[in-house]
C-alpha cells in the first residue's frame, strides 16, 4: 500500500454522503443526543460513558516498524513494534468498516500553537461525541490561520471495530497503531477518548525533537511579569490543578513544546481529572464544564442530571474535556517565553519525599530521567490502587525516542536559560498510602507559589541526608513541620526504613540507563 492509496481511501471517506465535516459544537451536541451517545448535564455539558475501557490501554499500543524510523524508536514494552503488513491489513479493514457506518464525523485542525511548528491533523470518528472531544482538545482553525502545505496526520477512530489478535497481529481486540511513514493512527476496540489525544502527543514527541524542540508532558502558566513556570507530572499528580491559578495565566494544562523562542501549547483544550472535583477547590475547572464540554464516565443524578464528582461507579479516572477558552485567564495564542521555574510533581505513595525541595541541575536531570511517582487508580486499565512506578521524563508511555534524547535537551535548556527546578510531592504525608494522608492542596499551592515567584532563591535550607534534597525551613502559609517528612511520622524507625527503601528503588531503576548517565547519578542521586 502506498501513500496514494491512503490519500484515496481518506478522500473516499471524506466524500461519503453521510460524512459530516467540521460540524459546529451545537450541531455535534444535537447529533450526540439524537444518536443516544450521551446525555446533557445540568450545566449543559455532554456526558458520555466508555464501557469496559475507562483509561488508556498501553499493552495495545503499537508503532509500525518502518525503515525511515525504526533506528530512532526506543523499542520495548512502551513502543511495541508491529509489521507494515499487519498495519496495511488492519487499515483496509478499518476503512471498510467506517464506510459502512450510518454517519461519520470529521474534524480538521492542528497540534501546536506556534504556527512555525504546528502539525495539521484530520480526525475521522465513528462517534459524534469523540468528534466533539477532538474539536475541543485539539487546536481549532480560525479564519486567520494560514493553511499548511504539510500533509496532515490522520486519526481513523473506530471504537466498535474489534481486531482479531490471531490474524491482525494485535494483543487483544483493542489497538492503537501509529505509522510515521503513512502519517496515520488507527484506533479500534476502545471507546476511551483519551487515546486520540495521547496518540497525537506521541507523534509530536517524535517529530518535535527533530526540530530541536523539547516536547514535554507538562502544564505551563505565566505570571504578570512574563515569568513562565512548567509543571511536570503524570496523571493525577496535580498538573492541571496547580497550573490553573487565579494570579497567573494558563498556557496549557498537559502538553507543550520548548523551542528556541520559548514555550507553546500543543493542544487547544484541557482534559482534566474530575474525581472529587468541587467549586471551592478548583473553581476554574468547575466553571469550565458547561455547554460544549464533554464529561467522561461521570455519574449523574437520574432526574436533575447534576454531576456527582465524588461517585466513582464507572471509574476513578473521570474526565472533563473543554476548550482552553473556557478558562478565564489564559494566554492567547498559547505561546510564552522561556521558563524561569520548573516544577516536577510526584505523588509519593511512601510519604517520605519532602513536599518541596530545590534541585541542582544534576538532581534535575536525575529526577527527570527517574520520573518517580505512583500510578493512581484508574488512569490505566487494571490499576485499582496506588503503586510505585518510575516513568521516564514523567511521560514514558508517550515517548517514542530514547530517554536520553529528552533528558539531554532539558539539561541544555536549563543551562541556556537558567531555569530553577523544584521537586514537589503532592502525594502522602505523615505515613505512606493507607496510613498517612494526602498533601493539603492549600499548602502545596503556597509552596509552589513561593518557588515560582522566586521566594525560595535565597531561603534557608537543610539537606536531606537520604535523598540529598535541599529543603526550605520556612514557607509562608505552611507549617514548618510539614516541610520535613520525618517530622510528620509518629514512627521514626518506620520512616527511616521506608525512606531507605525508596532510595534503593531509585538506584535500582537508574541501572537501566547507560553508563553515560553515571555522572548524573553520582551528583544527583540519593546519598545512601
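Note that Cβ sites are derived from N, Cα and C of the backbone, with glycine treated the same way.
Values in this document were obtained by computation on a predicted structure and should not be read as measured data.
What Swiss-Prot says about this one:
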- 56, 192, 198, 319: substrate binding site (BINDING)
- 198, 217, 233, 234, 235, 236, 237, 238, 239, 240, 241, 282, 319, 444: ATP binding site (BINDING)
- 198, 217, 254: Mn(2+) binding site (BINDING)
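Overlay of Swiss-Prot annotations on the structure.
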| residue | record | CB count, 10 Å |
| --- | --- | --- |
| 192 | substrate binding site | 27 |
| 198 | substrate binding site | 21 |
| 217 | Mn(2+) binding site | 26 |
| 233 | ATP binding site | 25 |
| 235 | ATP binding site | 23 |
| 237 | ATP binding site | 25 |
| 239 | ATP binding site | 27 |
| 241 | ATP binding site | 24 |
| 254 | Mn(2+) binding site | 26 |
| 319 | substrate binding site | 24 |
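All protein chains included, residue 56 (substrate binding site) registers 23 other Cβ atoms within 10 Å of its own Cβ.
Cα spacing between residue 192 (substrate binding site) and residue 254 (Mn(2+) binding site): 18 Å, rounded to the nearest whole number. Using a 10 angstroms CA-CA radius around residue 239 (ATP binding site), the binding-site residues that qualify from 56, 198, 254 are 254.
Taking the mean position of the Cβ atoms of 56, 192, 198, 319 as the substrate site, the remaining residues of that chain whose Cβ falls within 8 Å of it are 55, 193, 194, 195, 197, 271, 317. Compute the center of the Cβ atoms of 198, 217, 254, which mark the site for Mn(2+); besides them, the chain residues with Cβ within 8 Å of that center are 197, 201, 255, 395, 398.
Residue 235 (ATP binding site) and residue 254 (Mn(2+) binding site) have their C-alpha atoms 9 Å apart, to the nearest angstrom. Here the Cα atom of residue 217 (Mn(2+) binding site) is found 18 Å from that of residue 319 (substrate binding site). In this structure the C-alpha atoms belonging to residue 319 (substrate binding site) and residue 241 (ATP binding site) are separated by 13 Å. Here residue 233 (ATP binding site) is positioned 9 angstrom away from residue 254 (Mn(2+) binding site), judged by their C-alpha atoms. Residue 192 (substrate binding site) falls outside any helix or strand according to DSSP and counts as coil. Here the C-alpha separation of residue 56 (substrate binding site) and residue 233 (ATP binding site) works out to 17 Å.
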